[in-house]
Amino acid sequence: MPTTLAVVRLDRDLPLPSRAHDGDAGVDLYSAQDVELAPGQRALVPTGIAVAIPHGMVGLIHPRSGLAARVGLSIVNSPGTVDAGYRGEIKVSLINLDPAAPIAIRRGDRIAQLLVQRVELPELVEVTSFDEAGLADTTRGDGGHGSSGGHASL
């Protein structure tokens, strides 16, 4: 049985989210208002919809790759997270990454895409050390940001 996603259209004049092509992972989200973003400017843009993400799943708001490549429009907290318990309007925190040109977004423009994925919800267990918890050392250990190298400037 396929998973369904309940969608409330808060703005009846905007289309329901939809996939551009059969098999696409994400559904397009539309801007519910006109917005002009100056270079480097951010705006929280409403989409005119609310969704009920099923328990055990998460909604992830991703940039549209064409907009990112063509005009530098992206999402500040990419991907944005829509938790299963959230029932309010989906809003997208957009940013203009172009250093010189403003970006004009018109009501009804496709601005982002929503992916719904299963998510593990592990029980958190406090331990005093990973050794005590019986978890083996790894080759990475506590090597964090930049620890794997791989860039000429590092």
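Every residue gets a Cβ built from N, Cα and C, even glycine.
Predicted, not measured: the structure shown is a model, and the values here were computed from it.
Long-range Cβ contacts of D83 (substrate binding site) within its own chain (separation 6+, distance under 8 Å): I53, V58, G59. The annotation substrate binding site is assigned in Swiss-Prot to R64, S65, G66, N77, T81, V82, D83, K91.
The annotation compositional bias 'Gly residues' is assigned in Swiss-Prot to 144-154.
According to Swiss-Prot, the region 'Disordered' annotation covers 135-154.
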Cβ neighbour count (10 Å, all chains) around T81 (substrate binding site) is 12
Taking R64, S65, G66, N77, T81, V82, D83, K91 as the record's substrate-binding set, what's the max Cα pairwise distance in Å, rounded to a whole number?
26
Once the chains shown are all counted, how many other Cβ atoms turn up within 10 Å of the Cβ of G66 (substrate binding site)?
10
